[in-house]
Amino acid sequence: MLLRYEDVDLSALSKGMRQYMEIKRQYMDSILFFRLGDFYEMFFDDAITASKELELTLTSKDCGLEEKAPMCGVPYHSCDIYIKRLIDKGYSVVICEQLEDPATAKGIVKRDVVRIITPGTLIESDMLDDSRNNWLASVYVETGVAAICLADISTGEAHLYKSDDKDVQAFVINRLSRYSPVEVLCQKSLSKLDEVQKFLTQRLHATVRVLDDDRFDYEKLKPKVLSQFANDSFLKLELDKGDPEAKAAAALFGYIESTQRTSVGRFISIERHTDEQVMALGYTARNNLEIVKTMRTGEKKGSLLWVLDKTKTSMGKRMLKTYVEQPLVSPYKIIRRLDAVQALYSDTAVLGQLRDELEGVYDLERLMTRVVYKTASAHDLKALAATADRLPQIKRLMSQVKSDLISSYNDDISTLSEISALIKNAIADELPQNMKDGGVIKDGFNKDLDELRKVAGGGKELMDEILARERERTGIKNLKIGYNRVFGYYIEVTRSFYDLVPDYYIRKQTLVNAERFVTEELKNAENTILGASEKILVLENAIFSEVREYVSQQLAKVQKTAVAIANVDVLASFATVALNNNYTKPEIAIDGTINIKGGRHPVVELMLSDWLFVPNDTYLDLTDNRMIILTGPNMSGKSTYMRQVALITLMAQIGSFVPADYAKISVVDQIFTRVGASDDLTAGQSTFMVEMSEVADIIKNATVNSLVILDEVGRGTSTFDGISIARSVAEYIANPKKIGCKTLFATHYHELTELEDSCAGVKNYSVAVNNGSEGIKFLRKIVRGGVDQSYGIEVAKLAGLPESILRRARELLKDLESKSPHDDNRKQENDGQISFSSMNALNVVQKLRKTNIDELTDSELRDFVRNIIKTI
């Protein structure tokens, strides 16, 4: 049986193990990496856990008890890969370092925790994904109000949100889905909100930490919050101690201070979002439209982000992800971006040169984080200098681009010439493999260092002089001077010359055929040489720290430059994609119109290898063309078409050119999608419940300025239930007194095509099909008018169903179609691809036709739908 913490008697432990346990008991929910020499060791439960998770050999160590302590460890110089694996599995890791040299320590070496590493507080480059932010979030909730604070410690970005309605759960879910934080801090009260908890852990796969209420006390934690900022930007928010935003910020920045174990001002700004400055794009829409990853594999390839990402820098990749996840709603800002892309698009020579220069730019944001936290290496500083060397040329190229947005970014970019000059003068051109061996600081930078190097470098000459003198004094011609780490410098004399050894030689070591001696002169020379070497290391470290500190003082300048470079990289990527993929610049309007000529799906057209994508037109407005009822067989391209309209709209609002011959896009405030059918087993919801929940969200939150995509509403239940619900939903959304927004509604319920005659603003469209002698052929062209059949059996044939099944299906279909209404009073539960064939269904149609839906209140409409369902 392995010894665990609960079995340990602290008083009986050895001194070293007692030191370990005293530290470990403060961090029982984390894995403690305890520094012992060149290893980080783990003991007891931590060792058992780590050995399994990291596939390490579990050994044991005497601990003062009868039974040995389970133990495993990892080398300190390669610990990052092991820490990252633990973090990815949901653990946090506590780093406990030696605070003094074991060689000079008296008694037990002093140790203490220097850092706590959690998913949301990573700063190491090899533990982070260069292409995405690493968000840490805190959520504060009280009655009817919530606040969220987000920060990426690795880049220095920070945001604050406060709910503007009483639906706290929806607010938290929608805002956090925008950022996908890897770690979320919350109060105990939030942990009771099951929907939020499930969303965070099961959808976002975030680590959730429940903190005590005092961790949200802004008045108490205000000094820690302010210590994380390099300026007074947080103070300028003028938050009161009772503000929910202040409490959320207290938890987050207090947590950063406690994990990093230092009060370092990494942040220079925090953006407070007081209203909706970007398009509201919920989790469902992001998922269905495959904005940053595909639904099937979760990979970037096949997503909109994959299409648009031709960025050259890590900062640009992260900024692009922000662009696509947070489309603009300000026409002015959108047009400004589009004009910048147009300017780059029109000058391919400058665009190509600019992108070549950007390719050599390192990740300034994350480099500066390591500088500020004093973990940056000499290689990091040289990367900063290399980037700075490219900035003058980047600025020159940007100055040639005729765009006020590009010009404003150019103004924000500093050449960082002072930083570059200092680093080039201070840091050696060729760096040693191990920085602790010295040689990091360049010759000529510091006079004292140069003098010490002369002394240390003159060791060979000094030893040669001593060797020559001793050979002459003693007459021993084969006398040698050597060195090892145990004895230092020594004189070696073979046995045949023992009789010539002078009295002032002090015997140090006896070998088989020789004796080794030291002299006072040799010891003095050794002290001079080794003392100089030790002083060199100390002085080099001090000089390097001074250089790094100077660079850290330039944080605001470098951060501003980094943000500007990232934005320019994204705009250049947009221009490149537009050139490569034959995109066009969209017109931005405010009249509610979406008019697309020759529109294409940005992803599908690139994924096709054996046939060309068929372009399609789209026209929507807020009057006569509010809703398109789209009919056609499965596999004909209805879903692709609707997603393409949504993606073209989104692309326009992020400032990208779009895949179309012409596009006029009116800004939408939200995009909603109800696409596909699948059970949400993790939430315990059936296909139909998922579908209705998504429809309910649309009904509740859509406005006249929204764009709604509905695919097969109602197909998760019986035919007549489905038709009733689908028609009722369509009427409600199309009604300008209810919502009246632009809507694409794909359905197999052909009865919905009747809405064009009874509901203003509804138009029928369908996917053209050629049903010739050789079978059905999908033309994938959207044409005016509805269709009255679904070609289900023909699609089944294309899918490869046996002919016997298809033949029987045709017989059954013919039989069903031939029955009179009064012969079939049965409820039919199938895929929703047949028309009304019962008297009850006809009665429903008559009720729908006689009822003016526009005049019903919300409650009357719900009652009406219930009555229809009962009738069926």
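Heads up, the Cβ atoms here are built off N, Cα and C, so glycines get one too.
TrEMBL: automatically predicted annotations, no manual curation.
If you look up TrEMBL, you'll see Gly632, Pro633, Asn634, Met635, Ser636, Gly637, Lys638, Ser639 marked as ATP binding site. Marked as domain 'DNA mismatch repair proteins mutS family' by TrEMBL: 706-722.
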Residues that sit under 8 angstroms from Met635 (ATP binding site) by C-beta distance, when 6+ apart in the chain: Phe778, Val795, Leu798
Overall pLDDT for the domain 'DNA mismatch repair proteins mutS family' (706-722), taken as the rounded mean: 82
Greatest C-beta neighbour count within 10 angstroms, which of the binding-site residues Gly632, Pro633, Gly637: Gly632
Most crowded position, judged by CB atoms within 10 A, among Asn634, Ser636 as binding-site residues: Ser636
The domain 'DNA mismatch repair proteins mutS family' (706-722), counted residue by residue under DSSP: helix, strand, coil: 4 helix, 5 strand, 8 coil
Candidate with the highest Cβ count within 10 Å, taken from the binding-site residues Lys638, Ser639: Lys638
Remaining residues near the recorded ATP site, that is with C-beta within 8 Å of the centroid of the site residues Gly632, Pro633, Asn634, Met635, Ser636, Gly637, Lys638, Ser639: Val767, Phe778
DSSP three-state assignment (helix, strand or coil) for Ser636 (ATP binding site): coil
